[in-house]
There are 2 protein chains.
Amino acid sequence: MTTQNLTLLTDFYELTMMQGYFHSKEENTPVVFDIFFRSNPSGGGYSIAAGLEQVIEYIKNLNFSYEDVDYLRSLNLFDETFLQYLSGFHFSGSIYAIPEGTVIFPREPLLKVIAPVMEAQLVETALLNIINHQSLIATKASRVVYAADGDGVMEFGLRRAQGPDAGLYGARAAMIGGCIGTSNVLAGRMFDVPVKGTHAHSWIMSFPDEYTAFKTYAKLYPSACCLLVDTYDTLKSGVPNAIRVFREMREEGIELKNYGIRLDSGDLAYLSKKARKMLDAAGFSDAFISASNDLDEYLILDLKNQGAAITSWGVGTSMITSKDCPAFGGVYKLAAIQNADGEFVPKIKLSENTEKITNPGNKTVHRIYDKETGKLLADLICFVDEVFDESKDLLLFDPVETWKKTKLKGGTYTMRELLKPVFLNGNCVYQSPTVMEIAAYCRKEKETLWDEVTRLFNPHKVYIDLSKKLYDVKKELLDQMSIQE
Amino acid sequence: MTTQNLTLLTDFYELTMMQGYFHSKEENTPVVFDIFFRSNPSGGGYSIAAGLEQVIEYIKNLNFSYEDVDYLRSLNLFDETFLQYLSGFHFSGSIYAIPEGTVIFPREPLLKVIAPVMEAQLVETALLNIINHQSLIATKASRVVYAADGDGVMEFGLRRAQGPDAGLYGARAAMIGGCIGTSNVLAGRMFDVPVKGTHAHSWIMSFPDEYTAFKTYAKLYPSACCLLVDTYDTLKSGVPNAIRVFREMREEGIELKNYGIRLDSGDLAYLSKKARKMLDAAGFSDAFISASNDLDEYLILDLKNQGAAITSWGVGTSMITSKDCPAFGGVYKLAAIQNADGEFVPKIKLSENTEKITNPGNKTVHRIYDKETGKLLADLICFVDEVFDESKDLLLFDPVETWKKTKLKGGTYTMRELLKPVFLNGNCVYQSPTVMEIAAYCRKEKETLWDEVTRLFNPHKVYIDLSKKLYDVKKELLDQMSIQE
């Protein structure tokens, strides 16, 4: 595996703007850009941050190759001085981010770039691409895992993913979201996560009969023996043949471990209950029943409600594409520009839609927990230089419904800052945990949420509020803007 | 750019099955697998084949590196003789495929692998991944281009694509489907397709005022000058400032070519009509109006119905993710197994759902055109060794609703075979056209469709029928199966 050079993985306008800045400004002014999103996918109550490790790789590898520059020259839009600048390009800015696996909410900056405007502009597209994709799939996986209610969920979507990367990094994100394994072997190798799988219908069809196919497989893999029982007829052929093979293996003194059947079609509720009875009656009550076939969180919930005897779930298309919501709406917005005195002057983008108005300035995010229960109370967006005292009362301002204020009593809450330094002046200062470490952290993160936030339908909204200072600055900027018109 | 080794980009069960075949069969029997899909995405009347060039790259580069084998060894499930076999693995089979850009329909084989079963099984997942993704986006793009009705459509989706590859190969597929350019610079470089784009809101916000931002941009790019007019107020600020800049440029004797404005928010129908009037009144009737902002084929159609004065469309999220249908359901099914006499014995997969029953045997697809109009009449799935005579009557059998038969009168139709050899015994015999050549071919392909097939809603279904011989063999196999139960 070699890392691809993704430096040109950017929107063309980033480059035309870069040349514009190169020629029209005396300085390559430092600016602040925020990545944030406006609503949780699939109507959920939270999202999961993911993709930071790939962002770091991307930033580290940023450089325009000779061929890249040559290609840009061929477009006859860029001049030689600018192309020369690109040849020597490297990222010299700073990046702060909320670590992967953290639960995140709409409107809070989950990644912040502080860099000369040309650099900050170049990296916009790739950063959004990576963060949007992986956060989307991690969030979707978390919903599916929630529905499975303690059963294992396997990621099976590679063949329906939107290209190789979508399969690969989608599997990574699904593991962060709570899956216990993936069918994707390359993901297993690259991210050191468990790979799983058994056989396809074609395996059964390539033998003279189903029994022979099962027996051959069981003898080869007695320690991971899952037989696919729906090639011909699940209850008349598949399950009886599976039971025959399990019995023969036992008689032959071969211990079956982690064995069972997989249903991949038909009425999964009915078939699983029937199959369970047949397996139990034959003395194989420890054989598991797993299911696949276009599953998602809603179907799993429904099957559980029907008492389906399934305890292991293979989820493909719906999870790897986040089918009911295939894009995470992360955006990258200018928040501040450094002035001649080295201060970051807050900038705001107006919109007819109040929700779309940005939060100005060089900001950070603090998470506030209930001191007694450890549960998440609210997130607070504020300027980086604000200092808080947990022993004092804290006043929070809703950024959209501005009449809503929340007061937290001093001594009843704890705070922690979410944005961590990742690059400082071009140097990476962050070591990514392993994917399994991130997954474990993510599990703990979700434990800080009230049940009302994690449920699939109509979840309770977590307060994402502004500090008084940020609220005041935003209000002032809005007032100025309105007058300008 | 270096090519990644995607050999491990496969489902784990392909490898467990491979080892199964390796140990349990005397021979690594040649088999036939078909890729086909069951319904057109988004309720459309056709799909577009795409991804073959990347399939070819993948097959050519198939080899297990030392690290790959080492990783598989670490899983403690594969033995040394099998791992040694993998070390020397290369693809020795044949692949036939319908060329990229061809219109395709449900149930017909669009790619066929004839190879020893271990090889055929290994490549399943990656082939499906690549073909499913690119065919999906090419098909979606074709729908968007249809709605734009002759206006140019730009692919703008990289930041919302499901990972880098989804952006890159999605842009490629979108070009095949009919887009006139992409914002994705790396796609431009890799596939030699036009890249386009202008500036973001951040460009406007980083200048003291909108006018200065516009003027700076116009002076830099007089030959591709598209000004984004909605940062502050489209009609009160954006359009007037754009007109001022256009006027000044004209007065300064700088000829503006290919210039205009972009709307990215608000009521696009209303704003575009107002902006058109303002531009016309100021003497800039040749300035274009382009639009973006969560567009898809339905919104474009609706804006056109409202008389929106937009002639250029930037389409992002909805196209690059095929938002309303984010997966192309291509499957890979065993169709035949070679017997000791070297003959391919047809195999069939049963299903409760008639639509899901596979078509057995080593097959090909012929497209049948009306001799007079050149329009597509039907596709015929048949065995590879069947010979047809265009001067004779042709009887077609509907594979699902088997009582439906169609008779074509000899001399009134022409036929061409769709599946082309791509690999023969491991050697690539196919040279992919350029993306722009494929796009031109795709345009012509769509001209062979009746209007009733290309429309967005409730399109007419194209007949995809079986030859008499294939119909008879399928019927016989089904009868045998039923008796076995």
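Counting begins at 1 with the first residue displayed.
Each residue, glycine too, has its Cβ placed from N, Cα and C.
Curation plays no part in TrEMBL annotations; they are all automatic predictions.
TrEMBL has this to say about the protein:
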- A:8-132: domain 'Nicotinate phosphoribosyltransferase N-terminal' (DOMAIN)
- A:153-278: domain 'Nicotinate/nicotinamide phosphoribosyltransferase' (DOMAIN)
- A:362-474: domain 'Nicotinate phosphoribosyltransferase C-terminal' (DOMAIN)
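In terms of DSSP helix, strand and coil, the domain 'Nicotinate/nicotinamide phosphoribosyltransferase' (A:153-278) has 69 helix, 16 strand, 41 coil. Averaged over the domain 'Nicotinate/nicotinamide phosphoribosyltransferase' (A:153-278), the predicted model has a pLDDT of 95. Taken through DSSP, the domain 'Nicotinate phosphoribosyltransferase C-terminal' (A:362-474) splits into 24 helix, 40 strand, 49 coil. When DSSP labels each residue, the domain 'Nicotinate phosphoribosyltransferase N-terminal' (A:8-132) comes out as 57 helix, 22 strand, 46 coil, counted as helix, strand and coil in that order.
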